[in-house]
Amino acid sequence: MKERNPWHTPLTIIIAVIGVIAIVALVTIAVLQNKPLIPKYKYGIVLDAGSSHTAMYIYEWPAEKDNNTGRVEQTHCCKVSGSGISDYASDPKLAGESLKACMRDAERFVPSERHEETPLYLGATAGMRLLNIKDSAASDRVFQAVSESLQKSPFSFQGARILSGQEEGAFGWVTVNYLDDRLEQGLETTGALDLGGASTQISFISDSFDGSESPSNYVAFRLYGNDYNLYTHSFLCYGKDQALRMALAHQTQSGPGSIVDPCFNNGYSAVKNYSVLYESPCVSGRKPSSAPQTFTHTGKGNFYECQEVVKSIFNFTECKYSQCSFNGIFQPTLQGTYGAFSAYYFVMKFLNLTDTSVPLQSVKEALARLCATPFDTLKKQHPEVKLKFLNEYCFSGTYIFTLLTEGYNFTSRTFSDIKFIKKIKGSDAGWTLGYMLNLTNMIPAEAPDTPLLPHAGYVSVITVIALVLFVLFILSLRPLWPRCSQKPQIV
Ligand SMILES: Nc1ncnc2c1ncn2[C@@H]1O[C@H](COP(=O)(O)OP(=O)(O)OP(=O)(O)O)[C@@H](O)[C@H]1O
């Protein structure tokens, strides 16, 4: 004879089965309903048509979060081979052709089902600003050619245009602070220092600046619920290539047949053409009236003398405001930390000077040593570095040092506030990301609402509540529970 288990009645078994099914169903629905969708991405493409070259950046962000909360990240960068589009003024079609290889690259990196909806922008900076000043019809023809080429791509081409210096500075600042998560979290922001080939930008927040003293340097933002009064200025012609032209123009004012340049290493020698040197609007007004066709440019490598040459391209005396950087441009008091990118990074990286805890005096000494190194020795020390760049590091380093200290007024105390950077969390520092975030309305003015609980927390709470309900349900059925009799039932 078997003893009968009082729980093994049909009713309790049915209740238990229904209860378990109910819990499984409840948890399954909660998980499926609220689970983040399998990551599917959206894309945006920005072409940075700079003075020295064009680069294409592809950005991606989670598709279900394009309403402001998803992180936008750079997934790919393609360097267009050849020079900047402004160098194709005499043959604009080639400017369009030059972009094709990178556009084919983009077709591979962006999934084909997303091609049609992916916005594609081209922004041109100081190279095209200068071409536009020199010959606006030629600049239009270049834009026409690149636009025709980009329209043929499968992406949604949104137009090609010149960014103002103010936009370039402000979007560089947005990029740096977005990537550092400073905007969304409302943290103290970082200033942005950008050194291009033809222009340079400085952008930062200073408590002493509300835009009233120099409105043309003021950009107001409201991002994630915070207001920012940004100071920004772009110095056209003060990118590193145009600054070098101005330094050479200063040394060739009398139209000599040869110059000995302290900004180039001893042993460097090249024959240069006067008309090529003076073709840029940054120096064209200063072309010596009587000069031979060419001049011999040789180096003597002296940092201190080079600094004097470099200083000659700045005007430190004129200032109608309470304080200025240079050339009569207002600049509020420096404040906070700074991210310095583009040529700042390339040059300081070569000089092994990206660590700004090194005292300013040591930076000066390192530059003095670099300039004093004979050019042949330098070439032997750095066989991997392109000659075009190696030639110019003494000038470029001296220019950066002078621009930061004498131009923007960084001191031995504040120099360590600068961080020389190329990328932040995998994305390049530069104006392109800020530009795309702005055009796609990806940064909201107000802080987005956040859910009460994270997803995992939400599922746990639902599960616990379901279990409690189930236990209560079983308890509420107590009257139906089979009674345990004292005597064992005999079946
Ligand atoms: N490895 C390197 N070493 C030194 N200089 C470099 C290196 N790579 C690039 N450069 C130079 O750095 C400068 C800045 O480059 P970047 O691409 O930021 O400028 P750009 O976009 O062409 O100029 P702009 O923004 O003024 O139109 C250019 O003069 C470029 O030739």
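Here the Cβ of each residue, glycine as well, is placed from N, Cα and C on the backbone.
In the three-state DSSP assignment, the secondary structure recorded for Glu168 (active site, proton acceptor) is helix. For Glu168, the entry in TrEMBL reads active site, proton acceptor.
Of all Cβ atoms in the protein chains displayed, 28 besides its own lie within 10 Å of the Cβ of Ala198 (ATP binding site). Look at Ala198 (ATP binding site): DSSP puts it in coil. Look at TrEMBL and you will find Gly197, Ala198, Ser199, Thr200, Gln201 tagged as ATP binding site.
If you look up TrEMBL, you'll see 12-32 (among others) marked as transmembrane segment.
As annotated by TrEMBL, transmembrane segment applies to 456-477 (among others).
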*Using the recorded ATP site (Gly197, Ala198, Ser199, Thr200, Gln201) as reference, state which further residues of the same chain have their Cβ within 8 Å of the centre of those residues' Cβ atoms, listed in sequence order.*
Ser51, Thr125, Ala126, Glu168, Asp194, Leu195, Gly196, Ser234, Phe235, Leu236, Tyr238, Gly239, Lys240, Gln242
_Using a 6 Å cut-off on Cβ distance, which of the recorded positions Glu168, Ala198, Ser199, Thr200, Gln201 come close to any atom of ligand 1?_
Ala198, Ser199
*Sequence gap of 6 or more, C-beta under 8 Å: which same-chain residues meet both conditions with respect to Thr200 (ATP binding site)?*
Leu193, Asp194, Ser234, Phe235, Tyr238, Gly239, Leu403
*In sequence order, what residues of the same chain, 6+ apart, have a Cβ less than 8 Å from the Cβ of Gln201 (ATP binding site)?*
Gly165, Glu168, Gly169, Gly172, Ala192, Leu193, Asp194, Thr232, His233, Ser234, Phe235
*Those recorded positions listed as Glu168, Gly197, Ser199, and which of them has the most Cβ atoms within 10 Å of its own Cβ*: Glu168
